[in-house]
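Only one structure is covered here, and it is reproduced in the block below.
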């Protein structure tokens, strides 16, 4: 190979190249954005359509279903789900992961344009939201005030939100719970009828009297003047004086038929923090921006904003996501340093010579620095997955340098000059270590094609580990021989090379080698016994493996306790808030570790709660409690959640259903807030769906291992249906649309324009006064104007029937769906799913109803199928690389025996530590494929070489094993100890990477033994007739 020759021949150039790499890497490390996770653009669109004043059933019939029909034809659509609630429709479209979500958004927008003319007139323009990781709020604040509480809406928009939107990196600012000013014209229907007026007429007049229209330009002499007719209302009191009509030659003014109130709109949602009403304020960042920089910039701007606010307005910082980013990354960097230190210790213990140790240790920072440069070029961020790849690689990057240095040192000790030995030694094994590196990185290639959220998350890990290992290969073939040629000294005959300590330790290593050789000698002469014992132990271990549980992806514990509760249908937001106060008391008693808490109840008109990940509904409340850091508390968030759950269950029976979960709001946002167990029940008959859901829920409640069991059954909200007598209506010149519109205007209100107060615009709403719209009798008395101007009460053209209408209607694939959801308590996801499936198979099913197990188990099953294909593909790629290296089909087959037996170590690691097989541990198993064979390659390759030199089969096996023992142990221990800090980590985010470290350590420990004993035995079996 030419690379070692060039680097040794031009040491200054080589040194300058690596210094430049180091400097570029240092700059990249400083400017790389930092985040918990990679930027994720989910292949998901959410279409939010607001229809003010409409019931859930009307929203479904007139908005959701019409839009679903058209949107379902969007190209590459995977699933379509919808939720119809009072005032708002949500349609969620999920596409395949390889779809360009921007193109999908444009296609959906075109589809919406096709259906817009079929939507009701009062429907707002549909809004399309792209779901990505940037939707997770970076910062959450509570804003409180006493004297200025009712001005908070204006203060937030003008003094807080507007400046924050200008901060670089800020995407969206969402405020929830702010009282909004509204000008209400509350009509007395009796007076209005006496003057022959209608709500629509009053609203129309107010609009026409509150307007400014440009009249054009006129020339006066040499000057131009613009002309405008100014008629805008400048003070709310002017509304009362607006003339509506003339009656008996006298003007009828607004004050004659209505009362004008400058007040606030009726509240449908409330926010609370620190035990008092607040306005919640969420700041979301733009995609691709640095979370830490955005958070710092927002905090700095908030410090300035505080100085400009009234004295009684207080801004309280509640949740700072950048803190999670900082702690997770700091924890991983700490893990990285400890891993590096352990690797250095291993290298020094085996080499016992500072120059040789220095040569190998320099490969670590260079390889890692190259990874950071690549991250900068590829527009990656420093996140837990990119850093995991570096930690994983740190124990492997020295392997190539160890092999090169060992070979160079051998040539020096045989009498070659360091310069020639460095070139020849590195060139001699250049192809071998290249093949060894290829076997390691080949297992990462299938990961690049893995779909779903798992593929997105682990793609960076695969790419960066590959880049780091390739960098270590180049470094081993360039920097290592260059440094060896300068630092190693020639050995003179008769010269004692090392001191007494080295000689003493050398005797220990020689004793270990001799013991291993004698053990191996016994093994190769008792091949059947060794193989039988190995097969027996493998079988016992596989049996143990069947008892290991399975899970999806480990959840973070950032100290979040999330409480979601639902009151009886029809409960007002005010009553729901009262229950939230009772939960607050329980939380403060049971979670003294809490650092922040807030709750939100009710429903926003524009779906704002949904955009920040909370449930909506007038009878629904959500509370988030954040505890201290893991190292600052002596229990997990899950344990705290269990205590709170028991208290709520015992003390607040008014709650219809609730869940209390502990873990991380981040995890919920990332994985869609999907319950571990979800039973999806679909069909068209609501009664049958509900009966089936209740049956399944009762069965789950009787089974152990399940908590937070709830259903999505909507018992319906009491409603009055006005059923039009079409024949009577037509006799009076009316139709259903005319009646419905006037009823809506009387109750919900008619838009009468906006009142401009110093640039701020507030709605003017005309409707019946509250005391005239509170009973069925009031509904009967609503006056309907005919085309001739005659007014008739509703009772003359319709009848009123009391019934129940749904508060929320969920649909999936254009069918109605009801779900039963449950969390797990003390059992794995796999075991829980098996129990539920067994129960579903036994219970009777309603006809016309489809029942399917979903939730995280569905995602896990899909991911495991992909990972199994990756596992098989990884084995094939490793075999193909080794076959190419050895130019043999037999030798790779011998080495591949290390792979199934490495699984033994993984299984026993699971048994000892209590781990389950999850996506993360499965990834660890796949990574082992490329690592565990490397030691076998070293042994088989050198054994083949000895046989070519004339050694007998047994002699070659014994001598090959003895002479390769040290490099095998050295590379194994660098990998194992490099992973140890990761495996033992307990800080923020360790739930994700600790299982990965344990998996690789377990597999490496056992595979090393297998490689040193079983592989030589298998080698003799396959070559005994050669």
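Any Cβ shown, glycine's included, is placed from N, Cα and C.
From a predicted model like this one, the values you see are computed outputs, not experimental measurements.
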Problem set entry | The annotated transmembrane segment range in TrEMBL, which must be one of 300-322, 461-483, 484-506 | 461-483
For this session: May I ask you to check whether the transmembrane segment (429-449) and the transmembrane segment (358-378) make contact, with contact taken as at least three Cβ pairs under 8 Å and only pairs 6 or more apart in sequence counted?
Result: no
Seminar exercise, completed: Highest Cβ pair tally under 8 Å against the transmembrane segment (917-940), stretches 12-32, 867-886, 893-911, 996-1022, lands on 996-1022
Exercise. Other than its close neighbours in sequence, what residues sit by the transmembrane segment (12-32), given a CB gap under 8 Å and a spacing of at least six beyond its ends?
Worked result: 6, 365-366, 368-370, 372-373, 375-376, 380-382, 475, 478-479, 482
For this session: With Cβ distances under 8 Å as the criterion, find the stretch in 332-351, 358-378, 461-483, 529-546, 996-1022 that has the most pairs with the transmembrane segment (968-984).
Result: 332-351
Exercise. Counting Cβ pairs under 8 Å that are 6 or more apart in sequence, does the total for the transmembrane segment (461-483) and the transmembrane segment (358-378) reach three or more?
Worked result: yes
